[in-house]
Amino acid sequence: MNRPPNTTGENAGLIGRWWTRVEAREIKCVVWAFAWFYFILLSYFTIRPIRETMGIEGGTEKLPHLFLITFLAMLVAVPIYSAVVARLPRRWLVRVVYHFFAGCLLLFWSLLQVESELVHVWTARVIFIWINIFALFATSVFWSVLADLFRSNQAKRLFGLIAAGGTLGAITGSFLTSILATRLSTDSLLLIPAALLELGLACAWRLELNSHHLLDPDDVDTSVAARSLSEKSTGGGLWTGITQVFSSSYLASICLFLFLIQAFATQLYLQQADIVNHAIELREARTAFFAKIDLGTQLLTLLLQTTVAGAILRRLGISVALSVLPLIYMFGFAALASAPTLGVLMVIMVCTRAGAYGITVPSREVLFTVVSREQKYKSKSFIDTVVLRGGDALSSQLFGALQKFGASLTAMNWYAVPLTTVWLLIAWRLGRSQERRAKS
């Protein structure tokens, strides 16, 4: 007797369980998307520890100001990006964005060759801000393209697996930087991600060429319409994507959910800077410590993406998947309030980041599979950049104000615990809303 195709996956190994989720016509697109995300996060995590070190060297008391400047820079960048989106088809949009970021890295490298302390100081500050912008835009464009190519049911099966490509890139980048940080100069490290972004762009092009395989071959009308859309820009006005965020309760809920993620993450980030600043003196030791946190984060993230995220999305639903991170933060703030040490900090940073990357990221990207094409690119870029950096800015300013008024880290952590319950409720209701939209 012939067995159903799914039964073999139950006794298969890890790779077998991955591929039982992937239909034959989807394999090429999954592979190229996996590789593209691998190079994006490999490039980012190669330079991320540099950002942390530069932030501390500039003075931890100045970090809230840098977050505020980053937010203001986002306000300028988003309308420019929206104008580009309105005029370029998808394949050209991707090229322009990633060539621009690679060019910026080459420019920073050139500036650091100038023998001027003043130039180095200001370049370091710009790099700190730029890395924050790059991290959001590079990943936002990637997930916008995927939300445009994959349907909701495909996204729930495949986004966790594709996200694992980014995690492998992050692991590679963290490991690479932990080794190279004491062997290469900071300016030399900037050349590596520039080359990696170009490799990722080649993968993006292959994904575009094979994207027609994702379409249902029996649905001729949908296939023709999708091919037509891939050759066109989204059109629309400069501010359309932004105004739609405030006119849609669904998009507004996504904004609030992601805003709270970033606000709580920023509170932990600033506490990390303060604790590390007092506990570790040497610059190289700090960079190595941050790289170890990144490495631990990505190892746990990979485990969650390959064994947990897809299972939760398919079997328990997106509401449960979105609720995981608020629960992790709830227990994390309580633990850090009780014992603000390096060891506890490392565990909490690894768990919160892994929960975010391993479960929340694939889940939140599924949210955008049920919105219009213009919202996938314009509204999503606004949410992924301005809203997230707004969470950074507001949280960092509040953190700085509370410190000035004498609030301790312990007190701020206890204040945050009940707020995570509000976040939990928002996550649950947002997931229910996505499921209703997908069915309709």
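Every residue gets a Cβ built from N, Cα and C, even glycine.
No curator has checked TrEMBL annotations; they are predicted automatically.
Annotated transmembrane segment per TrEMBL: 29-47 (among others), in sequence order.
Under the heading transmembrane segment, TrEMBL lists 67-85 (among others).
The transmembrane segment annotation in TrEMBL covers 92-112 (among others).
Away from its own ends, the transmembrane segment (124-146) comes close to residues 33, 36-37, 40-41, 43-44, 47-48, 50-51, 54-55, 57-58, 66-67, 69-70, 73-74, 77, 81, 90, 93-94, 97-98, 101, 104, 108, 155, 159, 162, 166, 190, 197, 204, 207, 365, 368, 376-377, 380-381, 384-385, 388-389, 392 of its chain (Cβ-Cβ under 8 Å, at least six residues beyond either end). Residues or ranges marked as transmembrane segment in TrEMBL: 124-146 (among others).
Taken from TrEMBL, the feature transmembrane segment covers 158-182 (among others).
Among residues of the same chain six or more beyond the transmembrane segment (250-270), those with a C-beta under 8 A of the stretch's C-beta atoms are 60, 63-64, 67, 244, 322, 325-326, 329, 332-333, 336, 348-349, 352, 356, 360, 364, 367-368, 371, 375, 379, 383-384, 387-392, 394-396, 399, 412, 416, 419-420, 422-423, 426-427, 429-430, 433-434, 437. Sequence annotations record features per position, and here TrEMBL assigns transmembrane segment to 250-270 (among others).
Per TrEMBL, the feature transmembrane segment maps to 320-339 (among others).
What TrEMBL records for 412-431 (among others) is transmembrane segment.
Here the listed stretches are 67-85, 92-112, 158-182, 320-339, 412-431, and the one with the most C-beta pairs under 8 angstroms to the transmembrane segment (29-47) is 158-182.
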